[in-house]
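Peer 1: Sharing the feature lines straight out of Swiss-Prot:
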- Asp33, Asp74, Glu168, Asp170: Mg(2+) 1 binding site (BINDING)
- Asp196, Asp198: Mg(2+) 2 binding site (BINDING)
Amino acid sequence: MGIKNLKSLLLENKSLTILDDNLYKVYNGIFVDTMSIYIAVANCVRNLEELTTVFIKYVNGWVKKGGHVTLFIDRGSIKIKQDVRDKRRKYSKLTKDRKMLELEKCTSEIQNVTGFMEEEIKAEMQLKIDKLTFQIYLSDSDNIKISLNEILTHFNNNENVTLFYCDERDAEFVMCLEAKTHFSTTGEWPLIISTDQDTMLFASTDNHPKMIKNLTQLFKFVPSAEDNYLAKLTALVNGCDFFPGLYGASITPNNLNKIQLFSDFTIDNIVTSLAIKNYYRKTNSTVDVRNIVTFINDYANLDDVYSYVPPCQCTVQEFIFSALDEKWNNFKSSYLETVPLPCQLMYALEPRKEIDVSEVKTLSSYIDFENTKSDIDVIKSISSIFGYSNENCNTIVFGIYKDNLLLSINNSFYFNDSLLITNTKSDNIINIGY
């Protein structure tokens, strides 16, 4: 659940490390994202009785380690989650239909088991039937709520367990807010127990060490500013609970080493991070990039986004070119687009040295409005006259690609209003810089 791949990305970035759970016996309080853990337990058992027994056993075990356990429980409807709920219902129905077909098949097959080890085979198949039946039961969200509420009544009079209801707010969101308050008074984060990867986004906003646990693993998380940036970037690209992500892009452990990471989650930095491949503008659609980035920032920082209108999904191309439009349009306002490239270059370059009379004559000889083909030697000569170099540039100002004049950002990529070329795939580009 939550932000896809975030846990594996933070592990890859070395800020999240796996620890031996048995070595850590005592914590300064334990905060639990109840629904995520409840669902994780439910997926491992065969019936409500077993679910109740196992869940209570987990909570009692946490009490022994933390002294006090706070169960954060979702309650009420979250308006901005309607699209997420609709999508989950759709996938839940597909999963339920698939499991019902599987149940029918198992129920039919068990009748035909005979011969050697018949009882053992039937017992194994019956376990599978029981588990499928229970999973189908839990595919109804009302059944999940009813069964969870019934289990929670076992803790009503337990002074070591607090039931913290989160009205119209996600439990993991409220849990991390309360964890920050806990830290401000005790100087230490409580143990966070959750399977939702949004939790790691919320936990990345300060550099204090945290212990985070799911059902099977214990992690130590010591985030840097770069990890916070990575968490936000992953929420933006891969999607989170309230934003579906950038269609056509995904951050995975396999491509993480190609992505440039920063400390500040700014539009320029984000586009630089995304520029690990070439992109071409496919539509003229523009999106409100600032609104999307502000939403991700506010969500990660645990600001109250529940009154916001969440941004709509867009393609990675729409995001990138919408983000770059302002820079290109500012440049284009002082850019002669309809003349041959040598003339464009003379107009666009700001001299970095004095140009003498002989060089002016040379430049004049290059003005040919009838010749639409660009000569590489002419391009290099113009650059040199204006005080620029084409090789070993510390700062790249422009790139020339197939008679296109491209801007450069951070020496990381080149772009105009219709294409972006990463500097790792720039063999055919002439650099102009210093």
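Cβ coordinates come from backbone N, Cα and C, glycine included.
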Peer 1: What binding-site residues in the list Asp33, Asp74, Glu168, Asp170 lie within 10 angstroms of Asp196 (Mg(2+) 2 binding site), counting C-alpha atoms?
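Peer 2: Checking Cα-Cα distances against Asp196 (Mg(2+) 2 binding site), the binding-site residues within 10 Å turn out to be Asp33.
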Peer 1: Can you check which residues sit near Asp33 (Mg(2+) 1 binding site), meaning Cβ under 8 Å from its Cβ, same chain, 6 or more apart in sequence, and list them in order?
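Peer 2: Correct list: Phe72, Ala171, Glu172, Met175, Ile192, Ile193, Ser194, Thr195, Asp196, Thr199.
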Peer 1: Can you tell me how many other Cβ atoms are located within 10 Å of the Cβ belonging to Asp196 (Mg(2+) 2 binding site)?
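Peer 2: A 10 Å sphere around the Cβ of Asp196 (Mg(2+) 2 binding site) contains 24 other Cβ atoms.
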Peer 1: Highest CB neighbour count within 10 A among the binding-site residues Glu168, Asp198?
Peer 2: Asp198
Peer 1: Give the number of CB atoms, excluding that of Asp74 (Mg(2+) 1 binding site) itself, located within 10 Å of its CB.
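Peer 2: Neighbour count, Cβ to Cβ under the 10 Å cut-off: 22.
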Peer 1: Measure from the Cβ of Asp170 (Mg(2+) 1 binding site) and count the other Cβ atoms within 10 Å, all protein chains considered.
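Peer 2: Taking every protein chain into account, the count is 23.
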